[in-house]
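The domain 'Ig-like' annotation in TrEMBL covers 22-125, 135-231. The transmembrane segment annotation in TrEMBL covers 250-271.
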Amino acid sequence: LLLSFNLVAIALEEKTVITKLGDNATLTCIYRERELHLKNLRVYWQIADDQEECSVVHALISGQDNESEQCIHFKNRTQLFWDRLGKGDFSLLLLNVSQDDERTYKCVVMQKTEYTRMIHQAEVVLTLAASYSQPVLSGPIRNSDSAGEEVTFSCRSGNGYPEPNVYWINKTDNSHLPPSELKITPHADGTYSVFSTLKVEATSNMQIECSIENKLLQENLSAKYMEKQINDSSTESHKNLEKNGRGAQAAGIISIVILIGLLAVFTCWLWRRRSSKLASY
């Protein structure tokens, strides 16, 4: 009855922690009311869901880690910050988080004096996320006179979590375009890949952007297709090729002229030498 009363009387702290798959996560549990003696404390980290067969994530009893009831899933993956325990910081470090760790965790601190009573409790919601790869946007290859035809763009990205939002944007007026196809594929490691296509009527100056949004990480990655830049680049490359071609042609002509001059000098020298010998004879 006393324990039940304490559960109601003590405020429950609630926090949310967002971490990336494979990283380490710190679940916060801090009690700053008074100086504490570890030998008089019991600290339990557990899964808040009562339906779990095994709920013990980590236990500290009388100043020592107790692994006797720890769930196998958390073996060798949890650590307390020993230099902070005396100051009431019972935060838990969870190593190498996976999708199975995305849960609500509860920290319960019990103190034994004349009787055992709960002095602090906190809940931490662990939410996982993973950054998506830089999207790859493939645009149509077409002639400049194909305005009015329907063209297809495709955009792909992967290795992200959770499911993303995908946006197609016409950058000429920043209007949003509905995707023609959107396919999100889950993978064994818990991440997703996304593939989307867009079919639009071709214009003389298309500027299309594909954007992949991860709301949890507040990340927005985009790729752009700007046909005008591509045409300008092609024109510039063509100009460079013409310029280089003209330079090579001029160098070839100069080389021929020099060769002809050398041949003429050599011929003149031979003629003079022969004339000199004939005169001596």
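A Cβ is built for glycine as well, from the same backbone N, Cα and C atoms used for every other residue.
TrEMBL annotations: computationally assigned, not manually curated.
Worth saying up front: this structure is predicted, and the values here are computed from it rather than measured.
Counting residues 6+ beyond its ends, the transmembrane segment (250-271) has no Cβ neighbours under 8 Å in the same chain. Counting residues per DSSP class in helix, strand and coil order gives 5 helix, 56 strand, 36 coil for the domain 'Ig-like' (135-231). Across the domain 'Ig-like' (135-231), the prediction's mean pLDDT works out to 89.
In terms of DSSP secondary structure, the domain 'Ig-like' (22-125) contains 12 helix, 45 strand, 47 coil.
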